[in-house]
Amino acid sequence: MASQDCHMLLSFFISTFLITVVTSQTRCRNFKSIISFGDSITDTGNLLGLSSPNDLPESAFPPYGETFFHHPSGRFSDGRLIIDFIAEFLGIPHVPPFYGSKNGNFEKGVNFAVGGATALECSVLEEKGTHCSQSNISLGNQLKSFKESLPYLCGSSSPDCRDMIENAFILIGEIGGNDYNFPLFDRKNIEEVKELVPLVITTISSAISELVDMGARTFLVPGNFPLGCSVAYLTLYETPNKEEYNPLTGCLTWLNDFSVYHNEQLQAELKRLRNLYPHVNIIYGDYYNTLLRLMQEPSKFGLMDRPLPACCGLGGPYNFTFSIKCGSKGVEYCSDPSKYVNWDGIHMTEAAYKWISEGVLTGPYAIPPFNWSCLDSKIKNNESLHTQYSLMNS
């Protein structure tokens, strides 16, 4: 009996060891490209490429892009986005936009994220009483474009692109923010908006499953930002009732509670998918708490002590007006965007995006954490990353 127990115990340890080895091998990958889906938080020029010359988005005009590119690049920020910092971290060129790119080089990545995009189809939102632009490129439409472009992306020799997809870092989102923005900007009741959350989560989950079936092995799926810290919402829902604001950050607590609700539902679904696909890395990016950390301790990260106002905007307590936005004639921007969290009232500055990317890639804001043990030594020995890491962890 004792011998049998020993045999079973030995088998258990061997099995555990093998599982650990397999897990460590699948957890750490040297990514060859980035494939991205999402909205304006990740758009590197798609909305600009899709727009007519007579109806260009604000990201087509200065001062967008001034900090890094020194000209508008189609990004909704003063400089680089989270996806750009991810690419730099992985030693991959900035990911080009798919839409509007003529003879684009997509060997190292392709980006389908479009400003204003929703997770849900417009027809679903319209059924729920929410207005949606018919030009919206939903997550489903982006995924459809990706699948239709596979022969072009990989060539006729590999029409399904399975090898490329398997070795790609796949970024899905943040997505879903606009599904909530549209009704919230119309001042819909928060309980009505909550009804959209299960639909949004299911849509994101379905996209992940489709990509897994196509060979995808590593996903970063970010949650929503704290909506209550958005300058647009702070302006729209401004109230003299101080109890509606967090005393430390000045953010609207009820809107942040909604963001937490979405993020909890998303994490629960990602946990289910991990159990369903144990061979796949599905990592949750905690954008919510990373951004909140910047709001709570701005000076620690080189930001100004009052981080809520927009760098680029006009009017009101938060330097933001819905009718006259950043990029419009006569709207000025701050002298030092690196001291600001908010760029234009809705999107963040390059400085904020850099901290968020570091918090997710090398800090405590990825669930489960990334394993970068097999990365190139130049990346692992990057001193600036270690500095950022220590700050985000302290």
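Each Cβ is built from the backbone N, Cα and C atoms, and glycine gets one as well.
Database features, via Swiss-Prot:
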{"type": "SIGNAL", "residues": "1-24", "note": "signal peptide"}
{"type": "ACT_SITE", "residues": "SER40", "note": "active site, nucleophile"}
{"type": "CARBOHYD", "residues": "ASN136", "note": "N-linked glycosylation site"}
{"type": "CARBOHYD", "residues": "ASN319", "note": "N-linked glycosylation site"}
{"type": "ACT_SITE", "residues": "ASP344", "note": "active site"}
{"type": "ACT_SITE", "residues": "HIS347", "note": "active site"}
{"type": "CARBOHYD", "residues": "ASN371", "note": "N-linked glycosylation site"}
{"type": "CARBOHYD", "residues": "ASN382", "note": "N-linked glycosylation site"}
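Swiss-Prot feature annotations superimposed on the structure.
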residue: SER40; record: active site, nucleophile; contacts (Cβ under 8 Å, 6+ apart): LEU47, SER59, PHE76, ALA113, VAL114, GLY115, GLY116, ALA117, ILE346, HIS347
residue: ASN136; record: N-linked glycosylation site; contacts (Cβ under 8 Å, 6+ apart): GLY116, ALA117, THR118, CYS122
residue: ASN319; record: N-linked glycosylation site; contacts (Cβ under 8 Å, 6+ apart): VAL231, PRO309, ALA310, CYS311, GLY313, GLY345
residue: ASP344; record: active site; contacts (Cβ under 8 Å, 6+ apart): GLU58, PHE76, SER77, ALA310, CYS311, CYS312, GLY313, PHE320, LYS325, CYS326, GLY327
Secondary-structure category, per DSSP, in which SER40 (active site, nucleophile) falls: coil
Least buried by Cβ count (within 10 Å) of the recorded positions HIS347, ASN371: ASN371
